[in-house]
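To start, the structure itself, in structure tokens.
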Amino acid sequence: MTSSTLSQPIKQRGWFDVLDDWIKRDRFVFVGWSGLLLFPTAYLALGGWLTGTTFVTSWYTHGLASSYLEGANFLTAAVSTPADAMGHSLLLLWGPESQGDIVRWFQLGGLWTFVALHGAFSLIGFMLRQFEISRLVGIRPYNAIAFSGPIAVFVSVFLMYPLGQSSWFFAPSFGVAAIFRFLLFLQGFHNWTLNPFHMMGVAGILGGALLCAIHGATVENTLYEDGEQSNTFKAFEPTQEEETYSMVTANRYWSQIFGIAFSNKRWLHFFMLFVPVMGLWTSSIGIIGLALNLRAYDFVSQEIRAAEDPEFETFYTKNILLNEGLRAWMAPVDQPHENFVFPEEVLPRGNAL
């Protein structure tokens, strides 16, 4: 028997390997390579939002008070979009608009682009974090894929929509009441609620909530009686091998109610993933359509008949009049820099009035 004197060459560990080990070390808050993007951008986005809602006015961009310092509360404070005249400028602090003057930067709305762009990158960093940890733990990356839904909504609403319009001004400001104003704006100027992509989004989100409630209730209903404690939750051990609820009983229950039921846990849970994420994706596609000013359903025949026949009106024609009212009364206040003036005779009056 012969023995080989050959030996495997020892791979030299470089600085990258050492850094890779350190950055992926098991610690209380995992960092990882994704953390290099996530943590700085999330910190700056949140810090910018807190700074803006606390101190920064929207007087120069919207003619509004929007900070705690001016008397706004949590629901009415916001980091407002830049002035319409700024177009799609990134509004860098050192750019030609502000020239390094931070007060001027605040006045022009520079915090909004700061929060929007850092917020978008932080969401992407969080998605990459889920990919990275999935790889390290050895599981499939469906959490990251599901999180693409919120990312698609954020990017379409806060970035793609204003890019299709004349400026960042028409994006939503970062605040509760500001988002509600944006919803009314979308309805008045785009008839958003009649858009089929919005309908699919509503079906996905509400359908996902319904599936979540049904699934949770069904599991709670079919738990095994496997503990002596007064609280059934104490009977569960994270490392136990046996099932904690009866899929067979759950299947029998829903088969009796609907005549059809899930018999495959994997398909059931994929469906619970698919429905809400598809709703988010479809609504994002719809928002991009609005960015391009694409029209959805226009039932022109009903509008013509309503204009000719004082006794004919449908819920659709009433909604069209409501949209006209939103535009007519909202635009002068919403866009004060345009100096809109609508005489009384052009304001919408429905047949029922």
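A Cβ is built for glycine as well, from the same backbone N, Cα and C atoms used for every other residue.
Looking at 24-40, 92-108, 279-295, the range annotated in Swiss-Prot as transmembrane segment turns out to be 279-295. In Swiss-Prot, the feature transmembrane segment is placed on 208-228, out of the ranges 187-207, 208-228, 250-270. Contact count against the transmembrane segment (279-295) (Cβ pairs under 8 Å) is highest for 153-166, out of 41-61, 153-166, 208-228.
For the transmembrane segment (153-166), the list of distant contacts is 81, 84, 87-88, 116, 119-120, 123, 172, 280, 283-285, 287-288, 290-293: same-chain residues at least six beyond its ends, Cβ to Cβ under 8 Å.
Neighbour density around each Cβ, counted as other Cβ atoms within 10 Å, peaks among the binding-site residues H118, H198, H215, H269 at H198.
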